[in-house]
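**Q** Before I ask anything, here is the structure I am working with.
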């Protein structure tokens, strides 16, 4: 199938192109009776929105969301919710020089080989602009999960290019354009300014977490919670790696330290990242994603044209020197969509299950 729908019971179908009239999504499976308006969705879109600082693309899109269906008198009806975001600041002429060439690192070549046709305007369907509808859908999921379980999603940047970022406090994340958990981002700004002047780009590492996640979410064997989390994160543009819990550091750990000990007072560690056997443990979901450097750069690079001949490509237009800067709200949204889908699946299959053992605390 065509791969434009994410989720099973909370299913989100994404539509649109970067330079088309609009982008959006249809959410099928949202429970009825939840209060919902654009004010519940717009704040997350504003966090992802382009043109908010000199360190991101200067494409100035308001990303104003419209609710076209699925809400009546301020409440969800249980029918499909259509969310629409109009494109207002396209500059398709910026892509005239690449109509007959393939940009290195982009989906131009593979889209053409697969479909026999491609939309060169801003990458068309492969553009990161299509993450905006997922952020909108994620806001709906976040609201339902918070109201039912108190679940809270957070994210921050922990590395940009070669610069590691030491975590100080979540409180600093909303106050700077990097979503960095530090008070002073001057070193990050200087680093990005050097890259911008050089016409180059860099990657980033993003941490995402969810707290107050109910125990029991996940469907072994093949729809494990962590499997679906990894699947969701890899669906984000430019993501090339996912770690859950201790991740690749687990290789150097011993079983005596990696296994998260349980006590009557709670878990003593969280190397598993909140998932055991593919099922949520009630601990915080903890993960990190690796984002590659932006492929659209001013540095000349070797490629081929539509005839297979050698050519040189210089990408013009307005692009993020580090796509990881705006990835935090996107990753939060995708995690929320996974948790939401599994919460509904758990309620459907195991809603009547009771056990005598009360869940222990997520941490001591």
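For all residues, glycine too, the Cβ spot is worked out from N, Cα and C.
Note that the coordinates shown come from a computational prediction; the quantities given were computed from them, not determined experimentally.
Swiss-Prot feature annotations, pasted as is:
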BINDING   48  NADP(+) binding site
BINDING   125, 126, 127, 237, 238, 277, 292, 293, 294, 295, 296, 318  FMN binding site
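Could you give the neighbours, burial and distances for every feature on this list?
**A** If you draw a 10 Å sphere around the CB of residue 48 (NADP(+) binding site), it holds 23 other CB atoms from the protein chains shown.
Annotation for residue 238 (FMN binding site): same-chain Cβ neighbours under 8 Å, separated by at least 6 residues, are 128, 203, 291, 292, 294, 295, 323, 324, 327.
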**Q** Find the one among the binding-site residues 125, 127, 296 whose C-alpha lies closest to that of residue 48 (NADP(+) binding site).
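**A** Result: the closest of the binding-site residues to residue 48 (NADP(+) binding site) is 127.
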**Q** What is the total of other Cβ atoms whose distance to the Cβ of residue 125 (FMN binding site) is within 10 Å?
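**A** The answer is 19.
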